[in-house]
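Lifted from TrEMBL, the feature list:
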- Cys121-Cys131: disulfide bond (DISULFID)
- 50-137: domain 'Staphylococcal/Streptococcal toxin OB-fold' (DOMAIN)
- 148-253: domain 'Staphylococcal/Streptococcal toxin beta-grasp' (DOMAIN)
Amino acid sequence: MFILKRPIVLVVLFFVLYVLISPNSNAISNSVPSTLHNKSELDTTQLYNLSNFYKSAEWHTDIHNKVNKNQLLATDLIFGDIHQSSLMTNALKVEFQNSALASQFKDKKVDIYGISFANNCIGLVGDKTSCMYGGITIHDNNQLEGEKNIGINVFKDGSKHETFTIATKKKMVTLQELDIKTRNKLEQSFNIYNKDKGDIKKGYINYHPHNQNDNNYYYDLYDFKGKLSEQFFRFYNDNIIVPSSAYHIDVYLFSN
């Protein structure tokens with residue numbers, strides 16, 4: 001019998017716990033999440049804001065072929081001449097989990113897709129700045145000739161309920177872009193963040209690779225911290241990027 005020494009066991013246990021419950025990172029796992037948050041854990045303000053952010057395209061920033069003009073901190077990039085009328089801003093600050101991620105995209109042509117917000121967003125003096133977390137891909141040699149459709153299977157209470165698609169024009173795409181487009185569909189069809197409509201109580205989105213050796217990602221639909229955008233969307237700051245041709249999406253919804 002092979003017996004693990006105690007320090008190794010503790011390391012393994014810590015890693016498993018981190019993957020399952022870390023609040024500001026994606027869970028990377030080849031198994032179903034053992035626990036899910038309930039919609040009832042989110043109050044009226046949280047649900048209203050989440051519904052608005054995911055459902056309304058005015059919050060979805062989609063910009064191509066931009067180079068950052070500056071940085072406020074080593075963990076961010078600031079892009080000028082980005083006018084967002086709904087936010088009344090003229091610059092965009094993208095924040096990352098660490099400086100190494102920011103350095104990958106600094107002074108390079110990039111594409112940007114994510115949820116922007118202006119509340120509590122601090123930019124450079126003289127700019128009216130909106131913020132977002134992650135959502136960056138390299139622009140050059142990353143464009144498809146046409147849209148790539150990615151299939152989404154929706155299972156409700158264990159039975160297949162619906163199938164639809166989302167699309168991207170990128171070879172390599174952020175998980176954030178796929179996630180926003182998926183939750184937009186779910187909010188429109190199932191009212192997942194509507195306080196008064198819909199019967200969904202729990203659920204998660206599984207970004208499943210075609211190759212079993214690639215990372216398998218999931219998001220708990222109701223795992224959010226805080227009440228406002230600068231707290232809600234921080235988990236996107238890891239800027240995870242996947243090949244758009246190598247993944248499909250399974251959504252699991254539960255009404256009980």
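Placed from the backbone N, Cα and C atoms, the Cβ positions cover glycine too.
Fair warning: this is a prediction, and the values are worked out from it, not measured in the lab.
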So, in DSSP terms, is Cys121 (disulfide bond) helix, strand, or coil?
coil
Helix, strand, coil residue numbers for the domain 'Staphylococcal/Streptococcal toxin OB-fold' (50-137) per DSSP?
16 helix, 38 strand, 34 coil
Mind checking how the domain 'Staphylococcal/Streptococcal toxin beta-grasp' (148-253) divides into helix, strand and coil residues in DSSP?
26 helix, 46 strand, 34 coil
